[in-house]
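Heads up: the structure comes next, in structure tokens.
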Amino acid sequence: AHENTGLQSQPPPEEQNYGATAAHVRQGPVVSVSRKGPAKREYLIAAVLCYANLINFMDWFIVPGILLDIQKYFKLSDGDTGLLQTVFTLCYMLAAPIFGYLGDRYNRKIILGSGIFFWSGVTLGSSFISEWYYWIFFLSRGLVGIGTASYSTIAPTIIADLFEEGKRTTMLSIFYIFIPVGSGLGYVLAAGMADVTGDWHWAFRITPCMGGLALVLLILLVPHRTQRRTAAHRALSISGTIRVAAEKPGVHRTAKATWCQDVISLAKNWSFVWSSLGLTAMAFVTGALGMWVPVFLYRAQVVQGIVSPCLHESCDSSNSLIFGGITIGTGILGVIAGAEAARRLRKINNKADPLICATSMFISALCLYIALMVAQTNILSTFIFIAFGELFLSVNWAVVTDILLYVVTPRRQSTAIALQILVSHLLGDAGSPYLIGTISHAIQDKNARSFQWSFWSMQYSFIMCAFVGVCGGAFFLLTSFYIEEDRKEAER
């Protein structure tokens, strides 16, 4: 219950389940506020958060964009190379629950700003590491993961607070478009800088400058204490008046519930559990694809005689550039299509969101399997089916987050997002790049060293991704059985 300012009326159920964390309020003047729509300032804040999300994911995918060069520079096997992204993701996911806890209780602007400054600084520093100190390069990727966790956990909850239900889905969709766009630009930036300068180290010197700009914009435009609106605030704002109450500094309503109680409650929320496992399967597939597809395509081209092996000179980055472009295009199209399909189908089916996610996972798995099978004979067909596979994966990004935001009560949302990040990365893309690399390395060791087996080993290990994609579709189907009941529970 609230420490009241006269907010005794029960809000309508459909308004109760939206927003991020709830805060304590104290006696304050009753102020009439007319909310005809979000102000320009709120859109500016959302734009800054989207821009920082772009940089966040560019930093994630700089390494895969120049993976052949890094592998050759540090003399790494497939297994060790896969470990690079695993170290990054492990640190990212372990830090996420800590930032979720802090984000529900302390000033979110300070946490976001510190995270951007930290990960930008470490990225810049990693560009000066010599070939003898590969372990420092691994460590730097882990530290970047910690910095980006602070951002991914908290930024969506601020957007959820800034906008009412209708606009919130749209703005979250725009925010999540920058996951594939940033990922694709990471490939393009890394490959482009390596080509232009002839030195892959320069790929790590651009995003820190962009991060500096994001930090300045965050300081100038985002309020020092972002408003955490409860469901009751939202319900009253619909009628045209709202009692505005100041937050009591340093004390939040969420302090009444311990973190363990929040976790136990979320573990009993089956929609949250199954959708998080579905997201885990998505993360497994996208992590493996993001790390290894350019290398897989390169090996397929070597086997077909399209390109010559890069043994001494700098490696050809064209596959990374093309794959980056595909990631950007399919990401934008997929997120928009997913949000629009959800918006239309919700009107006729309350289970539309998980059913959309399940269908897209099944289709994606089929497309990826076909892409693997045709790779040795037709590179163009491989690119086309990889593009369709990525398109249907991207459909789910905003929809999965929207599911979380309406099946979880507002005051647990930062914690829920953090736990979802932890689980999806721990069981998903933390291990998949390393697992694919290790299986590939093991197959190569058991057979004669050749370019043919180098390709086959990667092809065989990649088939696991199609299987995991099918499992992800099954998890989203299970979500559909519980989603109506859990949504009503969150509204109560």
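Keep in mind that glycine also has a Cβ here, set from the backbone N, Cα and C atoms.
TrEMBL: automatically predicted annotations, no manual curation.
So that you can see what the record holds, here are the features copied from TrEMBL:
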DOMAIN    45-484  domain 'Major facilitator superfamily (MFS) profile'
TRANSMEM  43-63  transmembrane segment
TRANSMEM  83-103  transmembrane segment
TRANSMEM  110-129  transmembrane segment
TRANSMEM  135-159  transmembrane segment
TRANSMEM  171-190  transmembrane segment
TRANSMEM  202-222  transmembrane segment
TRANSMEM  272-293  transmembrane segment
TRANSMEM  321-342  transmembrane segment
TRANSMEM  354-374  transmembrane segment
TRANSMEM  380-405  transmembrane segment
TRANSMEM  417-440  transmembrane segment
TRANSMEM  460-483  transmembrane segment
Tertiary contacts of the transmembrane segment (43-63) (same chain, 6+ residues out, Cβ under 8 Å): 70, 84-85, 88, 112, 116, 119-120, 123, 141, 144, 148, 151-152, 155, 158-159, 162-163, 171, 174-175, 178-187, 189-190, 203-204, 207, 210-211, 214, 217-218, 221-223, 290, 324
Ranked first among 110-129, 135-159, 272-293, 321-342, 417-440 for CB pairs under 8 angstroms with the transmembrane segment (171-190): 321-342
In contact by Cβ distance (the transmembrane segment (417-440), the transmembrane segment (135-159); 3 or more pairs under 8 Å): yes
Stretch among 202-222, 321-342, 354-374, 417-440 sharing the most Cβ pairs under 8 Å with the transmembrane segment (110-129): 202-222
Leading stretch by Cβ pairs under 8 Å, where the reference is the transmembrane segment (272-293) and the options are 202-222, 321-342, 354-374, 417-440: 417-440
Same-chain residues at least 6 beyond the ends of the transmembrane segment (417-440) whose Cβ lies under 8 Å from its Cβ atoms: 77-86, 89-90, 92-94, 96-101, 103, 149, 152-153, 156-157, 263, 266, 272, 276-277, 279-288, 290-292, 401, 404, 457-458, 460-462, 464-465, 468
Across the domain 'Major facilitator superfamily (MFS) profile' (45-484), average pLDDT on the 0 to 100 scale: 83
